[in-house]
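Inspection log for the structure reproduced underneath, given as structure tokens.
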Amino acid sequence: MRNKRIVKIGDKLIGGEEKILVQSMTKCKSEDYLSLIRELKKLEKIGCEICRIAVKTDKAIENLKKIKEEKIVKIPLVADIHFDYRLAIKAMKAKVDKIRINPFNIKKEKEIKEIIKVAKDFKIPIRIGLNAGGIRERDVAIEETILKKLEETVRLFESEKFYDIVLSAKVSDPQKLIIIYEEIDKKYPYPIHLGLTETGLPFEGGIRSAVSMGILLHKGIGDTIRVSLTGDSTLEVLAGYEILSSLGLRDDLPMIISCPTCGRCEVNLEKIVKEIKREIYKLNIKKKVKIAVMGCEVNGPGEASHADYGIAFGKNSGIIFVKGKIVKKEKLENIIKEFLTFILKEEKNGKD
């Protein structure tokens, strides 16, 4: 269950009863400075709260150092390190907010101890991030292998009296992920980063992530999450918020619901919902409001009236609801603009 040790990452706290944070990872080459800052700014704007960056070269570290020194973004940055422990040391000296190491490819005790020493000196937390991709043998029990390696590594950190650690152990099988994280949660007092790895394209990956992480989160397991998708990194952030919002674990994202449509629907509802969603995100509403976009007269008026804001469409017009009351009937060509105007007005009044 939650209530793990609190760890500070930049200006963010994770663990304890702190809110569960949404992470992502940049997809561009970390050596390309302009692409890196563009992607980081885009992620920060969409709501990413911690961002991990692949660090394979000294040039990537140089770029991270510049971004930190010039305060290009406010979100904490995590250096993702594999194979070369010296890159971890250089990244910490560049003042990143956290590092992630994978004990399947940084294996030597001496090297890990050197990383820990520098982390202590610079007060930088470390994620012990295991991934099933680091297991080369085909015929081994993935769960047992990961849990054994994690235990060895945690004990090494504890023997060095270093406790600012975050734990993760990612696999691509949702059922195995649940088993592994339940064991980690029982055994260790450290914050847990949740993520299903190699999930696939956004549709399949979003479903697999929501199923596996949703079960764990519902059980109180997880302090940060990343929805790993083959695609735009901003989709990972939006998917993360949707998962947390659906479970009532975050309340800072609008919830847009819409009917599945049937033969009764007289409008192109999919197109309308996409347009409304795009415009709602531009309004930058940072709370959970329910917005219903309904295509016909069967469930439409009821669902729209139960939401904070709703539209129920007829053939050439629609009815706008605010807080359960009908506020206007409008022609189809004007209704989206009118609907957004009502939302903006109500939300502005709510802040005043």
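The backbone N, Cα and C atoms fix where each Cβ goes, glycine too.
These figures come from a predicted structure and were not determined experimentally.
Residues or ranges marked as [4Fe-4S] cluster binding site in TrEMBL: CYS259, CYS262, CYS296, GLU303. Marked as domain 'IspG TIM-barrel' by TrEMBL: 5-240. The domain 'IspG C-terminal' annotation in TrEMBL covers 256-343.
Shown on the structure are the features that TrEMBL records.
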| residue | record | DSSP class |
| --- | --- | --- |
| CYS259 | [4Fe-4S] cluster binding site | coil |
| CYS296 | [4Fe-4S] cluster binding site | coil |
| GLU303 | [4Fe-4S] cluster binding site | helix |
If we count other C-beta atoms within 10 Å, could you say which of the binding-site residues CYS259, CYS262, CYS296 has the fewest? CYS262
Within 10 Å of the Cβ of GLU303 ([4Fe-4S] cluster binding site), how many other Cβ atoms can be counted across all chains shown? 19
